[in-house]
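As written in TrEMBL, here are the features:
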DOMAIN    2-97  domain 'Pyrroline-5-carboxylate reductase catalytic N-terminal'
BINDING   6, 7, 8, 9, 10, 11  NADP(+) binding site
BINDING   56  NADPH binding site
DOMAIN    159-260  domain 'Pyrroline-5-carboxylate reductase dimerisation'
Ligand SMILES: NC(=O)C1=CN([C@@H]2O[C@H](COP(=O)(O)OP(=O)(O)OC[C@H]3O[C@@H](n4cnc5c(N)ncnc54)[C@H](OP(=O)(O)O)[C@@H]3O)[C@@H](O)[C@H]2O)C=CC1
Ligand SMILES: O=C(O)[C@@H]1CCC=N1
């Protein structure tokens, strides 16, 4: 099976790297194209045997499954270009949340899936989110799921839940990294511990916490209970954390607002502003 990637920016190249590192695919199964060709050539330098196509049309012609790894407002140009070359048996997978499956089905004659990956998939960890259009049969769904099982824990979701789910799965690593940076910065500011030492200790704590959660002896509330010795220091720290208020509600509201704006921009892109 040949798999194509149109767009080898941050996420396109992470996916190629992840599938090759996990040995889900071999370089001779992969075809890539990118607007700036030099970026795609960097991948073939790293993975000899991988094909860099001259055009997106070639990528589509050579592949059975094609990932569209471009940003929302770059879709129309790509689709207009490749759509006449997509037979009804090919599967196109968008990795972008505000591009709706029904719109892709209107624009292309092939099978459509949407998969939201995460930067965590680059180390074969974390979840991925799977959604399928009506033209995908059972075998197509299994094929896509099998690919993602090698690099993630895939979960099939309803497209209406894509925003919150991808806030957690794909934006989450950036959100939690930001919080951890604040955690480290405050330790340095309040106590004089070096940034290097606080970063090392925080990183090890997070890796340990992830291992604990993945091996399952504690859920989150039990874990807190076990660490909070009655009358002890953790409880004193948590009292301060309770001041956090509804900051996460604001975060989800902000991403939803941005998503709604993207949906409108994408609809204007496909159908014009007066539809
Ligand atoms: N980053 C992440 O963690 C995640 C991203 N996503 C989604 O993935 C999508 C891409 O994000 P990301 O990879 O971060 O963005 P990037 O900007 O890093 O990558 C987009 C790539 O698309 C290429 N491109 C644009 N137009 C064309 C075209 N007409 N033909 C071929 N290639 C083209 C660009 O080429 P050029 O080199 O010329 O700029 C660029 O390399 C986004 O919609 C995002 O929502 C989903 C989950 C996680
Ligand atoms: O920031 C973004 O728009 C994308 C969506 C998921 C992760 N990054």
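Backbone N, Cα and C atoms are what each Cβ position is placed from, and that goes for glycine too.
Annotated features taken from TrEMBL, shown on the structure.
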{"residue": "6", "record": "NADP(+) binding site", "contacts (Cβ under 8 Å, 6+ apart)": "12, 32, 33, 34, 56, 59, 60, 66, 67, 68, 69, 70, 78, 82"}
{"residue": "7", "record": "NADP(+) binding site", "contacts (Cβ under 8 Å, 6+ apart)": "34, 35, 67, 68, 69, 70, 74, 78"}
{"residue": "8", "record": "NADP(+) binding site", "contacts (Cβ under 8 Å, 6+ apart)": "16, 32, 33, 34, 39, 40, 42, 43, 69"}
{"residue": "9", "record": "NADP(+) binding site", "contacts (Cβ under 8 Å, 6+ apart)": "34, 39, 69, 70"}
{"residue": "10", "record": "NADP(+) binding site", "contacts (Cβ under 8 Å, 6+ apart)": "none"}
{"residue": "11", "record": "NADP(+) binding site", "contacts (Cβ under 8 Å, 6+ apart)": "69, 95, 117, 119"}
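Secondary structure of the domain 'Pyrroline-5-carboxylate reductase dimerisation' (159-260) per DSSP (helix as H, G, I; strand as E, B; remaining residues coil): 88 helix, 0 strand, 14 coil. Helix first, then strand, then coil: DSSP counts for the domain 'Pyrroline-5-carboxylate reductase catalytic N-terminal' (2-97) stand at 46 helix, 18 strand, 32 coil.
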